[in-house]
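Enquirer: Just lifted these from Swiss-Prot, have a look:
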DOMAIN    92-148  domain 'CBS 1'
DOMAIN    152-209  domain 'CBS 2'
BINDING   D244, G293, I294, G295  NAD(+) binding site
BINDING   G295, G297, C300, E464, S465, H466  K(+) binding site
BINDING   S298, D333, G334, G335, G356, S357, Y380, R381, G382, M383, G384, E410  IMP binding site
ACT_SITE  C300  active site, thioimidate intermediate
ACT_SITE  R396  active site, proton acceptor
Amino acid sequence: MRILQRALTFEDVLMVPRKSSVLPKDVSLKSRLTKNIRLNIPFISAAMDTVTEHKTAIAMARLGGIGIVHKNMDIQTQVKEITKVKKSESGVINDPIFIHAHRTLADAKVITDNYKISGVPVVDDKGLLIGILTNRDVRFETDLSKKVGDVMTKMPLVTAHVGISLDEASDLMHKHKIEKLPIVDKDNVLKGLITIKDIQKRIEYPEANKDDFGRLRVGAAIGVGQLDRAEMLVKAGVDALVLDSAHGHSANILHTLEEIKKSLVVDVIVGNVVTKEATSDLISAGADAIKVGIGPGSICTTRIVAGVGMPQVSAIDNCVEVASKFDIPVIADGGIRYSGDVAKALALGASSVMIGSLLAGTEESPGDFMIYQGRQYKSYRGMGSIGAMTKGSSDRYFQEGVASEKLVPEGIEGRVPYRGKVSDMIFQLVGGVRSSMGYQGAKNILELYQNAEFVEITSAGLKESHVHGVDITKEAPNYYG
């Protein structure tokens, strides 16, 4: 029998407090998603079909993190989810949605409803701006067969030149009391659009995680051999791809990673792995970040069904030891129950954490809402559950094409308590991490990693750590018992 090491998880260890002059409110939580993409907070929503679609991804990016849209949908639907995130707000919309004057109001309604926008520029066949159709133009129109050109606000319009700053645009929009400012070139060809909503959101969400064009960042999951899906997602503007597998240290994953890096210019996160060798091989194949975790998730049964995995603290430690030599970020995926677990993962060297169950219960998650015994819940399932595998994630567990009655699941379906908005949950998690860094005297995540010291605790120590000897009469928003 070969016992490689004693393996620990989050509840097995505690960090030792250090002398500190650092206040929690003063720490920086800026980190990295990949070697090229920054995060303003080290939180990622999981690529699960009950956790992340466009609503969760938008909420995460506005707060400074990022969401990874799951792949249990056809390519076109996943591309639409990415597009909704990228179109949700922008400093300057460089490829604005537009409509032609000969289209009907019914056509315009489809566009505005689909993209959740209140107006759309109108152009001719040469792309010249000839008007704008807004809510005010159509509010009292009952005949949707009318042509857009008959109802729109026609030229001359207040427009701006290419290269105008957001501050200049804001002044211009306030001066003329308009909500949309088309950007045109010297020939009056539509080149962009600035909306007052985007300017207001820049003030409301100062830490929003945005790309170079002022759009919210978003990632998307893909499977083995899905190069066509990857290409379409990159064209849609996805910021990072997550090559997602229950066993990231496999020949098919390595081959797919190499093919993507050869053919596309995009950062690729690869996982899941738990060993030094796997981390080294994925980095050699071109991985821009390593996702760590086999079996730590609350809905995952891989360790029980397959007898395979590694407790998450030791897994993170293994992978960071190798990845840090190449300056490749590590993402701790799974096993996070409390904000203290996040702090421990970061102190071990992870650059960010991926969260599933804590976000599955939020308003923005795509899971079903339900009431059970008078309490509110949302559905949550593992991507290795029968339900998720029949919807498209069977390839993640190397069972693609297997009949549903022959699937061997590595996850379950369940429910989690309803927890309000994503922002409420992230607020508590961020606050807990800030508190931890204050105890550690760490001004930033790098200092936390460099200086943190751990002790291994006993089962009695764990019992002492939790609430004990008292009945909770009022639940705390960050402690779940």
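Yeah, the Cβs are placed from backbone N, Cα and C, and that goes for glycine too.
What you are looking at is a predicted structure, and each value in this text was computed from that prediction instead of being measured.
For the listed features, I'd like the structural context: burial, neighbours, distances.
Expert: Broken down by DSSP into helix, strand and coil, the domain 'CBS 1' (92-148) contains 16 helix, 17 strand, 24 coil.
Within 10 Å of the C-beta atom of G293 (NAD(+) binding site) sit 29 other C-beta atoms, taking all shown protein chains into account.
The secondary structure of G295 (NAD(+) binding site), as reduced to three states from DSSP, is coil rather than helix or strand. Less than 8 angstroms from the CB of G295 (NAD(+) binding site) sit T301, T302, R303, V308, G309, M310, G334, each of them six or more residues away in the same chain.
Remark: Y380 (IMP binding site) has T50, V51, I299, G356, S357, A360, G361, G367, E413, G414, R415, V416 as non-local neighbours, by Cβ distance under 8 Å and separation of at least 6 in sequence.
Listed in sequence order, G334, G382, G384, E410, G411 are the same-chain residues at least 6 apart in sequence whose CB falls under 8 Å from the CB of C300 (K(+) binding site).
For the recorded site, R396 (active site, proton acceptor), the DSSP three-state label reads helix. Counting Cβ atoms from all protein chains shown, R396 (active site, proton acceptor) has 25 others lying within 10 Å of its own Cβ.
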Enquirer: For R396 (active site, proton acceptor), which of these binding-site residues sit within 10 Å, Cα to Cα: D244, G293, I294, S465, H466?
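Expert: Qualifying among D244, G293, I294, S465, H466: D244.
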Enquirer: Using DSSP, how many residues in the domain 'CBS 2' (152-209) fall into helix, strand and coil?
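Expert: Across the domain 'CBS 2' (152-209), the residues distribute as 20 helix, 16 strand, 22 coil.
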Enquirer: Report the mean pLDDT of the predicted model across the domain 'CBS 2' (152-209), rounded to a whole number.
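Expert: For the domain 'CBS 2' (152-209), the model's average pLDDT rounds to 88.
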Enquirer: So around the NAD(+) site, D244, G293, I294, G295 aside, which residues have their CB within 8 A of the centroid of those CB atoms?
Expert: A246, G248, G271, N272, V273, V274, K291, V292, P296, G297, C300, T302, G309, D333, G334
Enquirer: So what sits near S298 (IMP binding site) in its own chain, CB-to-CB under 8 Å and at least six residues off in sequence?
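Expert: Within the chain, S298 (IMP binding site) has Cβ neighbours under 8 Å at R337, G356, S357.
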